[in-house]
Every structure is written in structure tokens, then in C-alpha cells.
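Asks: According to TrEMBL, the feature domain 'Biotin carboxylation' maps to 44-494. Marked as ATP binding site by TrEMBL: Lys160, Glu244, His279. The domain 'ATP-grasp' annotation in TrEMBL covers 164-361. What TrEMBL records for Arg336 is active site. Residues or ranges marked as domain 'Pyruvate carboxyltransferase' by TrEMBL: 572-841. The annotation Mn(2+) binding site is assigned in TrEMBL to Asp581, Lys750, His780, His782. According to TrEMBL, the substrate binding site annotation covers Arg653, Thr917. Among the features that TrEMBL reports, N6-carboxylysine is placed at Lys750. As annotated by TrEMBL, domain 'Lipoyl-binding' applies to 1113-1188. Marked as N6-biotinyllysine by TrEMBL: Lys1154.
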Amino acid sequence: MLGAHLTRLGVTSAHHIVHPRYVLTKAMQITRMAHSSSSIEYQPIKSVLVANRGEIAIRVFRACTELGIRSVAVYSEQDKMHMHRQKADESYIIGQGLAPVDAYLCIPEIIRVAKENDVDAIHPGYGFLSERSDFAQACYDNGVRFIGPSPEVVQKMGDKVAARQMAINAGVQVVPGTDEPVTTTEAAYNFCVKYGLPVMLKAAYGGGGRGMRVVRELADVKESFRLASSEAEAAFGNGAMFIEKFIEKPRHIELQVLGDKAGNVVHLFERDCSVQRRHQKLVEVAPAPNLDQKVREAMAADAVKLCKSVNYENAGTVEFLLDNRGNYYFIEVNARLQVEHTVTEEITGIDLVQSQIRITEGMTLPELGMTQDKIIPQGCAIQCRVTTEDPAKGFQPDTGRLEVFRSGEGMGIRLDGASAYAGAIISPYYDSLLMKVISRASDLHASAAKMNRSLREFRIRGVKTNIPFLLNVLENQKFLNGTIDTTFIDEHPQLFQFQPSQNRAQKLLNYLGNVLVNGPLTPLATGLKPAEIYAVVPGTLPGTVPPRGFKDVLVAEGPEGFAKAVRNHKGLLLMDTTFRDAHQSLLATRVRTHDLLKISPFVSHNFNTLYSLENWGGATFDVALRFLHECPWERLESMRKLIPNIPFQMLLRGANGVGYTSYPDNAVYKFCELSVKAGMDIFRVFDSLNYLPNLVLGIDAVGNAGGVVEAAISYSGDISDPSKKKYTLDYYMKLADELVKAGIHVLCIKDMAGLLKPRAAKLLISRLRERYPDLPIHVHTHDTSGAGVASMLECAYAGADAVDVAVDSMSGMTSQPSMGAVVASLMGHELDTGMNLNDVSQYSAFWEQTRTLYAPFECAVTMKSGNADVYQNEIPGGQYTNLQFQAFSLGLGDQFEAVKKAYREANLLLGDLIKVTPSSKVVGDLAQFMVQNKLSAADVEAGAENLSFPKSVIEFVQGYLGEPYGGFSEPLRTKMLKGLPTVKGRPGATMAPLDFAAIKSKLSEEHGPRITEYDVLSYAMYPKVTEDFLFFRNKYGPVDKLDTRIFLTGPKVGEEFEVQIEKGKTLHIKTLAMAEDLNVNGEREVFFELNGQLRSVMVRDQEAVKDLHVHPKVTPGVKGQVGAPMPGSVVDIRVKVGDEVKKGSPLVVLSAMKMEMVVQSPCDGVVSTVDVTKDMKLEGDDLVLTIDPK
């Protein structure tokens, strides 16, 4: 508009560009002559100081630059790195030694800078001193122009009581309220008693939502007044309050006005600011949608009338509350520029900041082309305030370093910001506003669509923002219909139902940085390093469908049809254990989903004749969560997608599920149900003691879930040795009879230690086949002694339908017999497996390479070959390597032979048990306890009453695993118990059912809304392990997508690699450097290049911080520890050590970003520690105090 005016006056654009200040000044002189009727002196402004910070300071600087005016910034010590000082032509520090906010409230300092640097005018921005009449007066007293209303008007309008009286005098309707500012809690309380509730407490000398409170209960008046007054004091330097009657469900409508020195006042139409929380605006719309035209015109006329009555000059906003009957009430005048002035600029095309400057120079509104008839709104504009606040935690301010910042731009989008860039530090000292996003389009729906698109393009990492909440607002139908009021947020809790950003890339960088700084986050068992190779994956023809397999039979004919097809099959069927038991036995169960999925398509296309693929359950379940930091359920689902044609088999520990203890029956039933849903087919149900009630519970649970019931008899002893009297052939046959009665589809012999010698195998299987000619028989073994292939061939010859093998490079020793050896041995035989030995070789080659990635867990470090001493110690193959690594971790690595000997003694002490998880763990724990304490079997028997045995041993003798065959060993059991209670019968039978809904609610509250029913069942099996996994996943993201070497030991500096986080989304990462120096928090900065962009993460050096004092953090999940809910300063401590508190009692008051928050007690209890002091600065989750819960 000004450009057009200059053109009419004959000022060329070329002159304007070459000599901006001269030409503009000359133009104003010409303009003054053109409007000679004006008697106001025109005084050009050549320099402007902005007494503010952040985006509004930059907004004014930009206007100055466009007008050819020199810009001057002031900044506090805390803002020395802030962007606003860099955007100005000059910048000067103020308030050294003062508190962060006080620096910008120090009038003498600002005036000093202005006078020393030849500043013509000061723009106050909004907040801080913008509504302080003494500041405006100080400017005039020192010969510096104040870009705003006169000091007298600022004083009158800044005093809510005086402004109210002026509105009354001007004939504008007001809300009933106090006649004078209120300064004491007693006066506030008396007003509320006299006039009733609800009321609104408002800062008498400032706005912006600071110091505002709605009070509905008389008991809350004094505390609310104290908090509101304290906020007002901090924000505006004066804690006086204004109290008025609170109008229910109003719309908040404000009119933008401009007045000049000649008494002209115009309005620039209205804005709807009803989307508020804590009485602070979040989303503003111009013009107000669905506003009756008569109301619009009347409201605008009243706004202009009021401003004219007080000779209002410059920009201002007249604010009204509009009730649902069309009545509106004046509430206040903000005698300054508003945060939301942008939407008015967008619909009118008028630059309000430039207009402010020109009016201060002496230009009149007609001279600026701003008569009311020429101001015509076009389209609709929306402003969203993007703040560093967490809407999921009541909009708590968040602070820290912006690790990533990427904005959403494009047509119809305007961005007003300051320190919004990667690496910027968001401090706790000032307002939480990060950026204002303004959209403009033809109507509300179109403008909202642009805003929605823009916000979705934003990527902000390092601090929480309110963007998810804003997106919910923009998609709410009531908002889009333009029918909102100030209760909109309170009455729409669904606005807070959002999926938090996954932030996967940055979380992965944090993980990698942590590994580089602090070493592996998964404990490594040996000093060996993962090989620097990428295993060659044998190919399959793309787009081809895998050939049909037994899974197709199971789907078509159900478990019974499947069992019949297995029994009718002519050759020997194989179950491949490579995906589970093989790596459990050889590599401590550490093989990751990442590598399993690589080879899955090849297995699906080339081994479709497998009886099944053992790939889940048992120890893999908790190890996935505990050490690999990945979800076992996701592993199962992912494998099922890639292998649709081969049945999956899992290990179910009967009533123990996949855990090491007993569970309520409903937990086992639900676990089986979800396992089938996720892709499981065959459940090998066993019990660690062959305890029939536990087995039957597992059988029923699998049957109810629709799975194939494969009941397993755990084998121990040696039925071919007549001297062994406990576990005889008759014992196994009777147990088989009971299992068949229970209703099973397949019978399994589970030889977990590899004790089934060839002669015993022939004896047992032939007898079972004779008794049950139609029942499929499956045999599982380990090759610890080296006789596994011979035993499995004898089983086949004796009538077994399926035996277990592992691919050659993952077979032998404590694993299963060699797949290739069994396949080759039966070639041309009537039991020929039908498998191609070349396919087996390719499969083996992949695992031979992949195995080297897991070198830190390699059992071959100490075990170089099979060992027949297993026939003496009877250590299960799956336990052997884990026992070995446990020995290393306990400092018993060089005594593993002693541990094996003690294992045999411990087994006999406990009564010669069936040994398989979890009973094998009991024996192993006792063995290591004996070695560590240098105890013989005789020592244990003699001193049992005085020894503190491992927890697993005590729970076993209490009966929590069930009853062993032959009963407990007495009198040792009684001595061990020392009077502890015992469990009789099946432990789970007397346990209360788990409340899955309560578990999900608990986990969702602690870990967010992404909790699934699978997480609930993981928690049911392993509560602490699952909690730790969920915390880890939330902190470090999908680490299961990393290559194995990178996952275990991290990348090398300079190394480039890729991470596919999902289909079509691949991260390209390069490790650049790691800082040598620590910062004050004991952190090192680690630099990466992510998709071509520089990224860095700050990682606390756990070793280095031992020498530094760093405030402790709360430990997740520990009840009674109270952490800081937001970064801030401690302004008040309400309790001391020894005080008794109730849930909800106020403990500490924090202040951050000019907002105060009362930290409340999470439970009843007694304060045991207070870990903060007054004025201490805290980060989020810093430990505040500890309560001993009652």
C-alpha cells in the first residue's frame, strides 16, 4: 500500500532501492505537502531499538530493514547465542548480573543503550515492558520515541480497572468485576465471598495469559491468587490482580485497531482467539468464522469508539467476550502489538509493524491510505503457535537442544520464528513459543488444510512440541465448522489422544552415539569382536510364490488333518532348529531378527517339506526383550510374512508359559491365543519336571487357541542301562499314556541334554510306535556327546516321523545334529528326506558367515568339540553355553570344569531331577552357588539351615515349579525352607487371574499409547524385563533394524551404512566424529551425517561423570521417587524430611518459562529425602525428593 502511494507521488522504485532512507524521507515530505491540512510534524525515524527478544524482535527488525531503518537489538546474558541479536544491524548486552527476565525489564539499561547508540525510537514488542507506562514515559523523558500509545494511554489501558471504567464512560458493556487492583489474598477471598463464583483472576498490569486463573471453589481462592500473583510479578514486575465474574463458554473475539496522532482510528477487523489453554491463545483465526454481521459491526464500532474516546494512538487490540446469545462484553485493551497480529496482516495486506513506525514518525492513517472504506478483508488466515510444550503432560514446558529442525513451507504459509534451527538451545528462562505458523487461503477449510500440511512437514527433535495437539485441533469438526468457544479444549479430551512422533532416526543416532561413547549396550560375553562382513544371502526368484508345505495342510485340514498327513508321509521329516534352539545352544540365544529375516525367503522357497521350523518361545522370548532390545512378537509376525508355507513350532513350558515360574492360568491361555494370532502353529508343550498337571494345563491352553498340541516327554537318565532305576522305560510309557488321554496331536521325546543313546532310542521309539501306531512321533535331541546323528537315525528306523536337525554350520556340540549329515545318510533309502543337499550347503554357507557376527557369544571359545561327559553331568544343550557365560560373569570362567562337576552333585542333592528350563536353571544356580562358596555336596547337606540359597532354588523347594517325580529330597528340603510356606499341587491353580486391562492401562500411562496386547502378555511373563524393554525402545528406537555388528559394537568413525526402518524408508548414516572434551554435564558430542544432513547427539560419558557432580535422575518405575515434571527453577519447597504426605499433597513449586507448577505427591507416604534446594535449576526428570510409600 505504501509502495502504491509512493508511485502515485512520483517516487520510482529505482530511487527507492538505491537511496532507501533519503527517498523515503523525501517521499514523506512530499506526502506531507499533499496533505497540507495536517498540522502534525513528520519526524523520520532512522534507527529503532527493540526492547524484546525472540521472534517479535526479528519481526520488527525485518520491517525496519524494508523501510531502510537501522535496527538495534538488546540481549541478556542468557540470550548471547540467540538469533535475534544476529538479525539486527547492531546488538548490545543488557542486565548483566540480573535474572534472565529482569534483564529485559531493566528500563535504565535499555534507555542507556538507546542514548549511547543514537537510537531514535524504541519498539517494545509484546510482553516484558510493552504495557508499562513508566517505560513509555522514560523513553519520552530521554528524547527517544516510543513506538506505541502515549504513556498516559498505556497507563490507563494497562490498568484493567481504569480501562474498565473508560469502557463504561464510552458506553461499552463490561463484565462485572473489581473497581481497583487487588493485592492481597484476603481481599480476593472477600470479593469471592461477596459476589460468588466462578471468577477470573487476571494480572492487572499485563496480559498474554500470564497470571490468569479461573477459580470455581472457595477453598482454592487463596492458593490460586498466590500463584497467579507470583506469575504476574515475574512476568510484568507487578503482582496486582483484577477479579471479574467468569462468563461461561464465551467466544474470545478481539478487534485490531490503529490510531494516529490526528485522532483517526480504524479497525482492521476481528480475530477469533477462542482456542486457549491456561487462558493463553494457541490458535487464532481471522476473520472470526460464523460471526453475525450485525454483531461484527457493533463490536467494531464500539472498539473504535472506545479508542477515540481516549485519543488512542498506534496499534492496539480491543478484546471482547461473546456469549451464545450474541451479547458481548469488553474485557481489556492490549495497548501494544499482539502475538497474533499476523493473521490480520494476512487478510488485510497491511503491515502492522511498518504502520506502527510510520504513525510514530507522524504519518496519519489517510496519508498511509488506511481509511476504513479501503480496509477490506480477503480470505481466511490461521495462526498456530508452535511451542516447546508437551501436551501429553498438561503442556509442561520442555527445554533442551533442538537436535533436528525442519519446517513446513510452501504456498500460503508464513513462518515467524527466532531460534528454530538444529543446534539451538531452548532455555527454561523465557516463553515456550518456538515459531508462529500462519496459513492463508480462501476460507477456513482451505486455510486449515494448508496449516495441517505445513505442520505435518515439521520435524522437530530434541524437545517436545505441541504440534500433535495442534493437528488434532485442525482436524476437529467443530473447529472446522467455526463453532468453538473458550471451553473447546477442556470439553474435547480427544484432542489429547494422539500418537506421538516415532522419531526413529534421531533415536537410532542416540543409540549409536551411546555405544560409541560408553561401549556396547548389550553385554558381550567374550572379548571377541563381530566380524566385519556382510553375509551373502542365497537368492530366490523375485515375485515367485513359495511351494506348498505342511502349513497349507494345517490351514486346510486343521490340527487333526495335519497330524494325519505327517503320519502318512513316507520319508523322514525334519524340524529345523537353526532359527531357535541351535543358536540358543551355540550363541547364547543372541541371534537377531535382522539376520533371521534375511534368510527366511530362501528357507521358504527351498525347504517347504520341513515338518516345522522351530523359531520361537523358550529362552528366545526373554532374551529378545532383555538383551536384543526387540519385540519377540514382532519377530514372529515378520517371519510368518516371509515364510507362509512351513509350520512354525515353539517351546511352551506348560504352566510356566515362556517364563521361569508359574503364572495364573488365564495368562497361559491368553499367551497361547495371541501366539496363534501372531503366526504360531505347533506348540511343543513340556514341563521341566514332567509334572502332569502342569503339562495338561499347557495342552488345554494350546487346544483352546487352535494350535497343534505336541506334548513332550522330557528325557533323562538312560533306559538302556539296567542299573538306572528312576527314569525307566516303564516310567516314560506310563507318562505317554497320560498325555495321549489328555488329547494331543503329536507326541515328542524331548532329549534336552543329548542323553538318548542310539540303543535307548531304538528301544523307546519302537515301543511307543508299537503302542500308538497312528500317533505322529517327533524326537528332539542335542549333539553334545557327538552321537546325535546316530541316535536320530535309530529313531527314524524305529518309527519316528520327525527328528530335529540344525543346518550344518550351526549344528553339533550343544546344538542339534547336522541337517546335511541326516539328509545324506538317508539318500536312496525309503526314509529319504527328499531334500537337496546343494540347498542345504547354500543355507549352511549363509549361517557360517553370519555366525561370525556373533563371535562375542561363541561357545567355541572354550568348547572345541563334543564331550561325552554330558552323560555324567546331564547339562541340557540349551543351558550349557548360558551356564558357561554365567560362570564368566561371576568370575568363575576358569572353574567351568568345577561348575560342571558341581552341576552333577547339585542334581543329585535335589533328587535327580528332570532338567530342562526352568528346573535346569535351579540346578545350575545351585551348582554355581556351590563353586562360588567352595561347598561340597556334604557341606550343603550339613549346613543347609545356615546357607542363603539362590532364589530359584528356594522357590523350587517351596513347590512353585510343581512336584518332581519321586518327591522332594528330604531332609534337605526342610532345612532349606527354614519354615517358609510351601505350595501343594499345581501352583497356578490357586493364583488369582491377571487383569490384562489394568496392565495395559498401567503400561500406557507409563509408556504412551502405542502399547499393544502383545506388550501386555510380555509384561505378564516378564514384568521388569518388559518395562526395561519399553523404556529402551522409547529412548533408542528400532535398534533391531541395525546391522548386527553396528548394533553390538557400533560403527567406526568415517563408516557409512544404511538402515531400512520400514519399506520404502532407508536412512543413510555416516559416522563423522566424537568430541574429545566433555561439557559441564559430562556429555560428549557425537557427529553423524544423516541422509546428507549434519546431525549430532549429546551423550553422557558414564565413566567420566563419576568424577563430576551431576544431579541424579529418577529411576523409571520406582514408586516414591518424584522427578521434576519440567525443566525450571525451584521457587518453593513445601515439605521436609520426615513429613507425612498424602497423594496429591503439594511438595515443591517449580517455575519455568514464566509458568509455575506445583509438584504433587504421587502416593501416600513419608518424605525420606529432599534432593533440591530453593532456586536450584533442574532439568526434566531430575530427582526432586523421595517418599517412602505407605
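Even glycines carry a Cβ here, placed using N, Cα and C.
Bear in mind that the values here come from a model prediction, so they are computed numbers and not experimental data.
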Asks: Would you kindly give the Cα-Cα distance separating His279 (ATP binding site) and Arg653 (substrate binding site), rounded to the nearest Å?
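Replies: Answer for this pair: 57 Å between alpha carbons.
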Asks: With Asp581 (Mn(2+) binding site) as the reference Cα, tell me which of the recorded positions Lys160, Glu244, His279, Arg336, Thr917 is the closest one.
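Replies: Checked the recorded positions Lys160, Glu244, His279, Arg336, Thr917; minimum Cα distance to Asp581 (Mn(2+) binding site) goes to Thr917.
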Asks: Using C-alpha positions only, work out which of the recorded positions Glu244, His279, Arg336 is nearest to His782 (Mn(2+) binding site).
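Replies: Given the candidates Glu244, His279, Arg336, the nearest one is His279.
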Asks: In angstrom units, rounded to an integer, how far apart are the Cα atoms of Glu244 (ATP binding site) and Arg336 (active site)?
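Replies: If we compare the Cα positions of Glu244 (ATP binding site) and Arg336 (active site), the gap is 22 Å.
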Asks: Other residues with Cβ within 8 Å of the Cβ centroid of Lys160, Glu244, His279 at the ATP site?
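Replies: Those within range, site residues removed, are Gly177, Met200, Leu201, Lys202, Ala203, Met212, Phe242, Ile243, Ile331, Glu332.
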Asks: Please count the residues of the domain 'Lipoyl-binding' (1113-1188) that DSSP assigns to helix (H, G, I), strand (E, B) and coil.
Replies: 0 helix, 40 strand, 36 coil
Asks: Would you find the one among the binding-site residues Lys160, His279, Lys750, His780, His782 whose Cβ has the most company, meaning other Cβ atoms within 10 Å?
Replies: His782
Asks: For Glu244 (ATP binding site), just count the other CB atoms lying within 10 A of its CB, please.
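Replies: Other Cβ atoms found within 10 Å: 23.
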Asks: Given the recorded positions Arg336, Lys750, His780, Thr917, find the one whose Cα is closest in space to the Cα of His279 (ATP binding site).
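Replies: Given the candidates Arg336, Lys750, His780, Thr917, the nearest one is Arg336.
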Asks: If one looks at the chain holding Arg336 (active site), which residues at least 6 apart in sequence have a CB under 8 angstroms from its CB?
Replies: Pro124, Gly125, Tyr126, Ser130, Glu131, Gly148, Ala315, Gly316
Asks: Of all the Cα pairs drawn from Lys160, Glu244, His279, the residues the record ties to ATP, which distance is largest, in Å?
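Replies: About 16 Å separates the two most distant Cα atoms.
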Asks: Please average pLDDT over the domain 'Pyruvate carboxyltransferase' (572-841) for the predicted structure.
Replies: 95
Asks: If you measure from the Cα of Thr917 (substrate binding site), which of the binding-site residues Lys160, Lys750, His780 is the nearest?
Replies: Lys750
Asks: At the level of the C-alpha atoms, what whole-angstrom distance separates Lys750 (Mn(2+) binding site) and Lys160 (ATP binding site)?
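Replies: Taking the Cα atoms only, Lys750 (Mn(2+) binding site) lies 84 Å from Lys160 (ATP binding site).
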Asks: Round to a whole number and give the Cα-to-Cα distance in Å for the pair Lys160 (ATP binding site) and His780 (Mn(2+) binding site).
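Replies: The Cα atom of Lys160 (ATP binding site) is 85 Å away from the Cα atom of His780 (Mn(2+) binding site).
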